[in-house]
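Taken verbatim from TrEMBL:
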type	residues	note
ACT_SITE	HIS128	active site, proton donor
ACT_SITE	GLU670	active site, proton acceptor
ACT_SITE	GLU670	active site
ACT_SITE	CYS697	active site, proton donor
BINDING	GLN110, PHE111, ILE112, ASP164	(6R)-10-formyltetrahydrofolate binding site
BINDING	568-570, 594-597, 627-632, 647-648, LYS747, 794-796	NADP(+) binding site
DOMAIN	339-416	domain 'Carrier'
SITE	ASP164	site 'Essential for catalytic activity'
Amino acid sequence: MLWTASQVCRRFSTSSHYYQNKLKLAIIGQSLFGQEVYTNLRKHGHKVVGVFTVPDKDGKADPLAVAAEKDGTPVFKFPRWRVKGKPIPDVVEAYKAVGAELNVMPFCSQFIPMNIIDLPKHGSIIYHPSILPLHRGASAINWTLIHGDKKAGFTVFWADDGLDTGPILLQRECAVEPNDTVDTLYNRFLFPEGIKAMVESVQLIADGKAPRIPQTEEGASYEGIQKKSNAKINLAQSAKAIHDWIRGHDKVPGAWIAINGQPVTLYGSSLFGGSAPAGQPLEIEGASQPGLVTKNGLILYGNDGKALLVKNLQFEDGKMIPASKYFSSGESSSVELTDDEKKMAEEIRNIWKGILSNVQAIEDTTDFFKSGAASMDVVRLVEEVKQKCPSVQLQSEDVYMATTFQDFIQMFVRKLRGEDQEEELVIDYVKVNNMTVKMPYQCFINGKFEDAENGKTYETINPTDGKVICKVSYASVEDVDRAVAAAKDAFDNGPWGKMNPRDRGSLLYKLADLMEEHQEELATIESIDSGAVYTLALKTHVGMSIQTFRYFAGWHAAEPLGVCAIIIPWNYPLMMLAWKSAACLAAGNTLVLKPAQVTPLTALKFAELTVKAGIPKGVINILPGSGGMVGQRLSDHPHIRKLGFTGSTPIGKQIMKSCALSNLKKVSLELGGKSPLIIFMDFNHIHSVYFNKGENCIAAGRLFVEESIHDEFISRVVEEIKKMKIGDPLDRSTDHGPQNHKAHLDKLLEYCSTGMKEGATLVYGGRQVGRPGYFMEPTVFTDVEDHMFIAKEESFGPVMVVSKFKDGDVDGVLQRANDTEYGLASGVFTRDINKAMYVSERLEAGTVFINTYNKTDVASPFGGFKQSGFGKDLGEDALLEYLKTKAVTVEY
């Protein structure tokens with residue numbers, strides 16, 4: 001076999017662990033975690049000479065025992081290691097016989113005598129799920145959350161005769177997300193990273209490099225095992241403390257309250273901001289005020305007046321229901337199964353039988369948990385059913401809420417049919433131009449609209465008259481963290497990342513169809529929020545957005561990056577969203593998007609359409625708010641793997657720096673421009689600057705006109721400007737609408753003032769139009785010299801900056817056109833094709849237009865050079881921005 005140089009390197013790196021030092025290991029413990037540690041240690045070349053685990057329960061072996069027995073590894077299932085404080089001689093002798101050099105204890109519920117701990121050459125190492133010396137004891141993860149710790153983690157330490165007091169070998173930590181539970185924290189970090197750490201620790205010991213760092217007693221804490229009996233919630237405390245108590249007991253042992261004298265266990269808590277929706281009061285013992293059963297769940301109040309939302313309730317008989325169904329839990333009727341659904345039900349029955357191997361037959365009344373299933377069996381059931389039917393969004397909570405086989409099948413079929421979807425989103429209604437426009441105004445996180453966590457809002461303004469359109473949620477750093485956590489969970493655990501690319505594409509096609517169905521509504525929102533002329537908004541802002549999603553829906557990609565952040569500008573709110581998010585989603589990523597603070601409304605309307613299209617919750621999250629807060633947190637967030645930004649060069653530089661310093665996330669930047677347009681004497685063109693009011697990153701920011709036609713060209717430009725109708729962008733006859741927002745209008749007026757002060761000739765415009773709103777006269781400057789401010793910096797407005805060049809001086813005008821730090825776009829107008837090609841080859845810009853301008857295509861890559869940024873939107877190149885390349889070498 002012939003190997004390339006890179007393959008040889010890869011081959012060596014993946015095979016090199018076989019040449020490292022290896023140990024004989026005894027694995028003492030249990031659980032799926034123990035199984036994974038065992039399997040990975042063997043993969044890395046260590047020899048497991050014995051597995052010591054717990055006896056079978058209800059005829060079912062522990063996962064660690066199952067894996068070891070399958071491999072032929074000696075397995076010992078001792079019910080105990082000592083009696084009355086003394087080691088059992090037969091057990092000790094059986095252990096000694098395997099000849100282990102190191103004991104590895106990934107998770108062990110039994111008490112192991114010290115003569116076993118100390119016997120091997122290298123002693124024993126233990127995994128503990130806290131950052132020792134904090135939270136010693138068996139309920140470490142619970143107490144991490146109960147105390148509201150900002151950081152969680154784990155420790156691998158050397159066992160001694162104390163309780164989690166041995167010297168530290170290795171530690172890892174992670175941030176605690178606002179709504180983490182024991183399960184999410186374990187599944188996201190403690191489980192996968194813990195497996196790696198155990199393998200790393202064993203290799204450090206084998207190589208003689210493992211440290212023994214004594215634990216300090218400073219900051220040490222020990223908390224006892226949490227049991228159901230002491231998990232009752234004290235409601236006479238803050239909402240945050242109640243929330244932490246609930247999530248610290250979710251799923252085991254479960255925090256509970258008393259309702260009508262009966263204990264009810266609460267699951268799925270999250271802090272709740274904003275005003276409470278309509279609901280039915282529920283008296284709760286010990287609460288400062290009644291709870292509220294709403295369509296979103298049960299709202300509870302702390303003694304600080306703040307609230308939290310509980311998703312699920314479980315009663316004494318083990319039945320779990322959505323909290324929103326507390327007053328109507330018994331009202332649902334059964335569904336009649338089709339023939340295909342009956343076949344699927346039998347396949348699921350076989351899955352149940354495989355898990356509940358101790359049960360002779362799976363009847364309709366068979367209860368999953370009463371038949372001996374544990375939490376790890378829930379995970380197995382969910383994953384095996386997903387393999388059979390990937391389109392069904394099944395979660396662990398669903399198993400707890402449908403514990404009998406019959407109820408489980410009913411729940412599954414409802415999900416399969418889409419009958420379990422949440423109620424229609426709550427939206428606001430605004431009457432605009434005789435058209436009822438549905439405009440969401442809240443943050444869109446994890447598939448639903450909700451107020452910012454701190455309840456703050458801000459006003460978004462209609463640039464046509466300067467009046468308030470509506471108040472929009474002002475997202476906080478906490479909202480960013482919640483959105484990123486939702487996106488990460490959707491990527492790691494949801495159906496999106498596991499979905500066939502063809503199925504993902506089908507959803508994107510459906511989304512494009514919905515955008516087309518709502519195109520007039522989207523164009524209207526775009527017009528009133530950004531000032532775009534309606535006809536342009538309909539054709540370009542919305543039309544090209546639809547084309548973009550349809551284009552990327554056809555791509556089949558692999559190896560997505562994970563959670564991506566997208567920050568878009570205010571000039572083309574919907575189209576910039578589409579250019580970036582369509583490629584991101586087609587690649588299989590999830591995203592958190594921040595629209596421009598001044599133009600959030602089409603992005604939020606888009607969010608509503610994604611729900612209707614069936615995009616799974618958490619895949620798309622949209623946060624209106626400030627760049628300094630939301631944008632900065634996205635740049636800094638450790639769980640975001642890619643950030644795509646369109647905006648100014650200074651902000652792009654700051655984003656790039658933050659992305660590098662945080663976690664070296666991948667970045668693509670589409671930044672400022674000062675795009676040159678060269679017009680030769682054999683061709684006249686005038687409209688390139690005034691497209692979209694000049695609020696266009698590729699607008700011809702500087703025109704070079706051949707001297708012999710210069711004066712005629714300027715005259716024609718002024719004639720055409722005088723014909724333009726300036727006015728309400730919703731008026732179908734309007735040619736030129738308002739600038740996007742007042743601060744930008746003020747900047748344009750200052751720009752024009754600077755041009756006049758520097759000596760450029762103001763031929764037309766340069767002033768605000770005398771009417772309400774942020775209207776700017778189309779403006780023409782001539783006699784612009786290369787050193788002037790307006791020759792070097794973009795206006796991002798309807799300002800034509802014209803310089804003349806000598807007839808025939810092609811190389812001279814090229815030098816002047818390229819004398820800029822920007823390189824986004826450029827253009828050349830001539831009927832001489834040889835001249836056009838000569839010029840286009842030498843223009844230093846990512847896009848060159850010949851005898852046209854502003855005509856982009858969804859299949860053609862778009863992006864700049866120099867300080868106009870790097871990375872591409874549109875085309876195959878854009879897809880690659882949201883993918884990673886992995887080389888896999890197989891030796892056979």
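Backbone N, Cα and C define each Cβ position, glycine as well.
All annotation found in TrEMBL is predicted automatically rather than curated by experts.
Feature map: TrEMBL annotations on the structure.
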| residue | record | contacts (Cβ under 8 Å, 6+ apart) |
| --- | --- | --- |
| GLN110 | (6R)-10-formyltetrahydrofolate binding site | ILE28, VAL54, PHE78, ARG80, TRP81 |
| PHE111 | (6R)-10-formyltetrahydrofolate binding site | ARG80, TRP81, ARG82 |
| ILE112 | (6R)-10-formyltetrahydrofolate binding site | ILE28, TRP81, ASN103, MET105, SER124, ALA159 |
| HIS128 | active site, proton donor | ARG136, ALA140, PHE154, THR155, VAL156, PHE157, ASP164 |
| LYS594 | NADP(+) binding site | ALA475, ALA565, ILE566, ILE567, ILE568, ILE622, LEU623, PRO624, GLY625, GLY627, VAL630, GLY631, LEU634 |
| GLN597 | NADP(+) binding site | TYR458, TRP570, PRO624, GLY625, SER626, GLY627 |
| GLN632 | NADP(+) binding site | SER658 |
| LYS747 | NADP(+) binding site | GLY797 |
May I ask which residues of the same chain, at least 6 positions away in sequence, place their Cβ under 8 angstroms from the Cβ of MET629 (NADP(+) binding site)?
ALA475, SER476, VAL477
Alpha-carbon spacing, the residue listed as 'active site, proton acceptor' to PHE796 (NADP(+) binding site), which is rounded to whole Å:
14
Counting other Cβ atoms within 10 Å, pick out the least crowded of the recorded positions ASP164, GLU670.
ASP164
Using only the Cα atoms of GLN110, PHE111, ILE112, ASP164, which the record gives as binding (6R)-10-formyltetrahydrofolate, return the largest interatomic distance in Å, rounded to a whole number.
14
Measure from the Cβ of ILE568 (NADP(+) binding site) and count the other Cβ atoms within 10 Å, all protein chains considered.
26
Within the same chain, and leaving aside GLN110, PHE111, ILE112, ASP164, name every residue whose CB is within 8 angstroms of the centroid of the CB atoms belonging to the recorded (6R)-10-formyltetrahydrofolate site, in sequence order.
MET105, CYS108, SER109
Please spell out the DSSP helix, strand and coil residue counts for the domain 'Carrier' (339-416).
49 helix, 2 strand, 27 coil
CB contacts for PHE796 (NADP(+) binding site) [other CB atoms within 10 A, all chains]:
24
